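Visitor: Structure below; questions to follow.
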Amino acid sequence: MTDPILKARGLVKRYGRVTALDHCDFDLMPGEILAVIGDNGAGKSTLIKAISGAVVPDGGEIWLEGKPVRFTSPIQAREHGIETVYQTLAMSPALSITDNMFMGRELRRPGWRGSLLRQLDRPKMERIAREKLSDLGLMTIQNINQAVETLSGGQRQGVAVARAAAFGSRVIILDEPTAALGVKESRRVLELILDVRSRGIPIILISHNMPHVFEVADRIHVHRLGKRLCVIDPKDHSMSDAVAYMTGADTPPEAMQPA
Amino acid sequence: MSKTENYEDAVSRASSDVASFDEHEKGLFGRFHHLLHTTPALVPLIVLVAAIVIFGLVLGSKFFSPFALTLILQQVQIVGVLAAAQSLIILTAGIDLSVGAIAVLCSVVMGKITFDYGLPPFIAVVLGLTVGTLIGGINGWLVSKVKLPPFIVTLGMWQIVLAANYLYSANETIRAQEIEEQAPFLQFLGTTFDVGGARLTLGVIAMVVLVGALAYALRATAWGRHVYAVGDDPEAAELAGVSVHRTLMSVYMLVGFICALAGWVMIGRFGSVSPSATTGVIGNIQAITAVVIGGISLFGGRGSILGAFFGALIVGVFELGLRMAGANPQWTFLLIGVLIIGAVAVDQWIRKVSA
């Protein structure tokens, strides 16, 4: 078996008396789509935030491509090629689509206007933003410079996904990417997820939408009570099995439980 | 599974062109509303031009002359510089009550270093600007790291700086004549030159250049976009990869620097160094007034620094115009009060994205 691209062992995170992560393990294999499912409050979001640098775990270790890493901010995780689409989308409503897509990694003009005046290369950023949105099929966005607050919920989500897909080089994390989307946009996002995988970039998909999870995931990480309960193969298990495991209605067979 | 999945297949036949709609006929009024929405500095500009035209018609050439109009610029130069500083803070959803006090303290520092310690005026100015930047840095650190509300931090800093200013200077004024004889460089920004009836000072030019440079930086650089993003939603900005702490620190330090620059402008304008200059007490409110009339949202993330500049000019036009018309000065305050409320009301109306 190949080594995981992203590996975590014994992650612990406590918020006061609440334990969100309880010695949690995590493995993401190269080129796979790993779905993370779990009941509300199981600690999925905290696990994802620990991996993406938004939360610093109290204990445990994380390895990226075999090297130990310790992120204290999302910027550091991004510099290592880990790109995240948060459930809250992390966009500035009053700024334009282009501004949001390039937030924190703006392109400067070549030559003295970029180095001396630090001028942004708006034409280039707008062109790339338009391309990325077209890749995602977000054709209903007419003006790339319109403020994000004037977009519908689904369009905003589409922009956030396009941002991650455009810049993620090692791992892309999607937290509930289809929750607010319409039929057409959901389909596009799922297609995009498969498309990104075909480029060899692994994806972590957090979702409550079981049909979507079972359609695209290669493996499913079932999270329960702050730790990994088991990892199942969607081909060997049904949706009701998965729901039974994650809610505690049923326990997975011994063999499925990682050591 | 297969039965439920097929309904999405129809999607593949959908068109893949960028959506376009027939331009809905909005009429003149609707188009005007859209223009205001995309260009927030337009409202104060319209008010400014209207005020100049009305005063010009009523008062004639007495008001509508190069001399009078540039006199307005001279009278607003201190408030204009402070308003530029205040705009930056308010764009990050903060407020700075200490701007005027920092300006006065820094002017005193520049004077004291020259006259008490005998250092060259150039060094004194550099040190004055440094003191301003440091005070701004303390404000920024308290806001960004200690997470205190900007209102509280700067309310306290206002009192601290003002008191330090009186204690340090023993409330002694350095007279204009002394400065002129011994350290004319301190009055450098007061240098005047006439261009065909118009009288400009270097302080006025410094204000205009400052506003222009900040407008450019806010619009066309990554730093400017970060300032807006932090003011809009700091958590989202942080997750999107903006260092909120660094952005806030840079803004507060820059604001401290600009306030110190206002202190230097003050020496040029008044000639003297006076610890009891009114700027220390009301400079903050004057700056906030200009910013609000200029259409910058107190909730952060929206507005343009040009608007604040126009806001400062509007106040200057009202002050001079009403004084020339022989009106009781209280009318000025009354009208400015109306403008503040009116500006925010217009702002709310423009924000209605649906229209």
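Backbone N, Cα and C define each Cβ position, glycine as well.
These came from TrEMBL, pasted as-is:
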type	residues	note
TRANSMEM	B:41-60	transmembrane segment
TRANSMEM	B:97-115	transmembrane segment
TRANSMEM	B:122-142	transmembrane segment
TRANSMEM	B:148-168	transmembrane segment
TRANSMEM	B:200-218	transmembrane segment
TRANSMEM	B:249-267	transmembrane segment
TRANSMEM	B:279-299	transmembrane segment
TRANSMEM	B:305-322	transmembrane segment
TRANSMEM	B:331-350	transmembrane segment
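I would like each feature placed in context: is it buried or exposed, what are its neighbours, and how far apart are things?
Guide: Here the transmembrane segment (B:41-60) has Cβ contacts under 8 Å with residues 35, 69, 293-295, 304, 306-307, 310-311, 313-314, 317-318, 321, 324-325, 339, 343, 346-347, 350 of the same chain, all six or more residues outside its ends.
Distant neighbours of the transmembrane segment (B:97-115): 78, 82, 85-86, 121, 123-125, 127-129, 131-132, 135-136, 139, 151, 154-155, 157-158, 161-162, 164-165, 168-169, 174, 178-179, 182-183, 186, 255-256, 259-260, 262-264, 266-267, 273-275, 277, 279-284, 286-287; these residues of the same chain sit at least 6 beyond its ends, with a Cβ under 8 Å from one of its Cβ atoms.
Counting only same-chain residues 6+ beyond the ends of the transmembrane segment (B:148-168), those with a CB under 8 A from a CB of the stretch are 89, 94-98, 100-102, 104-105, 108-109, 112, 135, 138-139, 142, 275-276, 280-281, 284.
A Cβ distance under 8 Å defines the sequence-distant neighbours of the transmembrane segment (B:200-218), meaning residues of its chain 6+ beyond its ends; these are 70, 73-74, 76-78, 80-81, 84, 87-88, 91, 188-194, 224, 227-228, 258, 261, 265, 268-269, 304-306, 309.
For the transmembrane segment (B:249-267), the residues of the chain that approach it from at least six positions outside its boundaries are 77-78, 81-82, 84-86, 88-89, 91-92, 96, 98-100, 102-111, 125, 128-137, 139-141, 143-144, 179, 186-190, 203, 206-207, 210, 223, 227, 273, 277, 279, 283, judged by C-beta separation under 8 angstroms.
Under 8 Å from some Cβ of the transmembrane segment (B:279-299) lie the Cβ atoms of residues 40-41, 43-44, 47, 78-80, 82-83, 85-87, 90-91, 93, 95-101, 103-105, 154, 158, 162, 165, 262, 266, 305-312, 314-315, 336, 339-340, 343-344, 346-347, all in the same chain and six or more residues away from its ends.
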Visitor: List, by number or range, the same-chain residues at least 6 past the transmembrane segment (B:305-322) whose CB is under 8 A from its CB atoms?
Guide: 40-41, 43-45, 47-48, 51-52, 55, 58-59, 63, 68, 71-73, 75-76, 79-80, 83-84, 86-88, 91, 211, 214-215, 218, 286, 289-296, 329, 331-332, 335-336, 339, 343
Visitor: Under 8 Å between C-beta atoms and at least six residues away from its ends: which parts of the chain pack against the transmembrane segment (B:331-350)?
Guide: 33, 36-37, 40, 43-44, 47, 289, 292-295, 297, 311, 314-315, 318-319, 322-323
Visitor: Same chain only, please: residues at least 6 beyond the ends of the transmembrane segment (B:122-142) with a C-beta under 8 Å from a C-beta of the stretch. Say none if there are none.
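Guide: Hits for the transmembrane segment (B:122-142): 96, 98, 102-103, 105-107, 109-111, 113-114, 148, 150, 153-154, 157, 161, 183, 185-186, 248-261, 263-264.
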